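S.K.: Let me give you the structure first, and then I'll get to my questions.
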Amino acid sequence: GVLESFLGTAVTGAIFCLFAGQPLTILSSTGPVLVFERLLFNFSKDNDFDYLEFRLWIGLWSAFQCLILVATDASFLVKYFTRFTEEGFSSLISFIFIYDAFKKMIKLADHYPINSEFKVDYITHYSCACEPLDSVNSSLFNRTTVPSADELFYSSTEMYNITIDWSSLTTKECLKYGGQLVGNNCEYVPDITLMSFILFFGTYTCSMALKKFKTSRYFPTTARKLLSDFAIILSILIFCGIDALVGVDTPKLIVPSEFKPTSPERGWFIPPFGGNPWWVYLAAAIPALLVTILIFMDQQITAVIVNRKEHKLKKGAGYHLDLFWVAILMIICSFMGLPWYVAATVISIAHIDSLKMETETSAPGEQPKFLGVREQRVTGVIVFILTGVSVFMAPILKFIPMPVLYGVFLYMGVASLNGVQFMDRLKLLLMPLKHQPDFIYLRHVPLRRVHLFTFLQVVCLALLWILKSTVAAIIFPVMILALVAVRKAMDYLFSQHDLSFLDDVIPEKDKKKKEDEKKKKKKKGSMDSDNDDSDCPYSEKVPSIKIPMDIMEQEPFLSDSKPADSE
């Protein structure tokens, strides 16, 4: 439920940011984990298992297996997670964010259809009235006043000698009393869909524009940086104000007002025994293995992306310690019936981007230089504490339109794709040769080989997407692990020279810089050699001449003989 998600995010996120080895990583309930939980729920429902108890034992087995991986230093396997695996997985998560944002908006449009058949000229022909289903129901009441809100919960078995003024009821009251809406205008709703799409694309566009405002020419540097850092918050506030100003009844965020589990049939502690047969506790180790693979891959791939050299981090990565705390938190979440949390790629990248440091002053027209990332634990802890406190801010949060949040999801999905080499190579497919950027791999790898590498990556991504959307999604964790095997097989299709440029975690700009420096040194060395040989360009071919000093003393110079001849 909603409250479980708020509570789980706050507790696990705050603990992880306080004690983990890499606090820049943000924990969340990721898409692949939610897909697995949905399949697990359907499986439990089909086999009459107690879902929460079955899930508890899967979580315990998976946490135990993760602790074994920590004890055996299995995190050394991250060295096989190359750019191919990282970008394939991160791109998949980004596309899930983008797809879900549009999917929610399309679902909203189906619920609030556009009134394309509404004609303003025929407005006098439209009508809608609330009428009782039959005369028997209407005779049960003998009162002409509109019922209060408390009276809307009358039982159908109770009889009251009152009559309701059906024409004075609202739509909800009419349906609550068992009436029916009659008229050709009863299906009319305001243009909620149109307003929702305005809020959706407006939030996304405003967030992108404010994020890029840091490099604009307007306002002082401090103001530009402030607007860029708070781009998402400002966009949410702006379009929440627009929604309130227009007054269209768009769907709003639903926040629970009471601190209790969503289901009244459960508490905050899940009993481990009594709901399923004894053999289920042992059999849970099999699906737990799939969860372990998914948790390990999701956690470590995100950690590798966060700890890239291009981020210029100074502190250690902490792969083993991070996985240890993920396992401990998984046990807590399993006993409390909270979602499982693991490192979220998109949110972690957004966290890194918000903490980047750049030079404050630069020459006119010159872009600021990246200095590094502020490595600290404060931002993560504060964010997750505020997430927990937000449960008690329901009177304020209920005014946030859902399309605004969908716009934020779209922004996060698109923003996380910026700077990904996979996306740059996709653009090359539609770009003429003369307009292609000066990428380092284009200097050393033939364009056909670059396109072949991109094509294989697209095929793998498409297979993962198809698998995620089918019944076979239960083996999705194994297919993510298969990306490493596919990358290993590429050694037989590409030379190591090509792979060193197409699939290398070393920052591309550093490679290009080193190569440019080598070219400058080579050019400078050739110029120095030319200057040394300029006086005697053919010195290598001219033989050396040795003249004894005694001969020079005996033989007079021409300058000495000329005066004698003149005398």
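Cβ atoms here come from the backbone N, Cα and C positions, even for glycine.
Automated prediction, rather than curation, is the source of TrEMBL annotations.
The model shown is predicted, which means the values in this text are computed figures rather than measured ones.
Take a look at what TrEMBL says about it:
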{"type": "COMPBIAS", "residues": "509-518", "note": "compositional bias 'Basic and acidic residues'"}
{"type": "DOMAIN", "residues": "1-506", "note": "domain 'Bicarbonate transporter-like transmembrane'"}
{"type": "REGION", "residues": "509-547", "note": "region 'Disordered'"}
{"type": "TRANSMEM", "residues": "6-35", "note": "transmembrane segment"}
{"type": "TRANSMEM", "residues": "56-78", "note": "transmembrane segment"}
{"type": "TRANSMEM", "residues": "230-248", "note": "transmembrane segment"}
{"type": "TRANSMEM", "residues": "278-297", "note": "transmembrane segment"}
{"type": "TRANSMEM", "residues": "318-342", "note": "transmembrane segment"}
{"type": "TRANSMEM", "residues": "378-397", "note": "transmembrane segment"}
{"type": "TRANSMEM", "residues": "404-423", "note": "transmembrane segment"}
{"type": "TRANSMEM", "residues": "455-486", "note": "transmembrane segment"}
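Describe the structural context of these features.
M.R.: Long-range contacts of the transmembrane segment (56-78) within its own chain (CB-CB distance under 8 A, at least 6 residues past either end) are made by residues 40, 270, 272, 280-281, 284-285, 287-289, 291-292, 295-296, 300, 303-304, 319-320, 323-324, 326-328, 330-331, 333-335, 337, 340.
Long-range neighbours of the transmembrane segment (455-486) within the same chain, counting only residues 6 or more positions beyond its ends whose Cβ lies under 8 Å from a Cβ of the stretch, are 31-32, 35-36, 39, 80-81, 84-85, 87-89, 91-92, 95, 287, 290-291, 293-294, 297-298, 422, 425-426, 493.
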S.K.: In the same chain, which residue numbers or ranges, 6 or more beyond the ends of the transmembrane segment (230-248), come under 8 angstroms Cβ to Cβ?
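M.R.: Counting only partners 6 or more residues beyond its ends, the transmembrane segment (230-248) has Cβ contacts under 8 Å with 190-192, 195, 199, 202-203, 206-208, 210-211, 213, 399-401, 404, 407-408, 411.
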S.K.: Are the transmembrane segment (278-297) and the transmembrane segment (378-397) near each other by the rule of at least 3 C-beta pairs under 8 angstroms (pairs 6 or more apart)?
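M.R.: As far as Cβ distances go (cut-off 8 Å, pairs 6 or more apart), the transmembrane segment (378-397) and the transmembrane segment (278-297) do not touch.
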S.K.: Take the transmembrane segment (6-35) and find every residue of the same chain, 6 or more past its ends, with a Cβ under 8 Å from one of its Cβ atoms.
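M.R.: The answer is 93, 96-97, 100, 294-295, 298, 302-303, 306-307, 313, 315-322, 325-326, 329, 332-333, 336, 338-345, 347-348, 351-352, 355, 373, 375-377, 380-381, 383-385, 387-388, 390-391, 468, 473, 476-477, 480.
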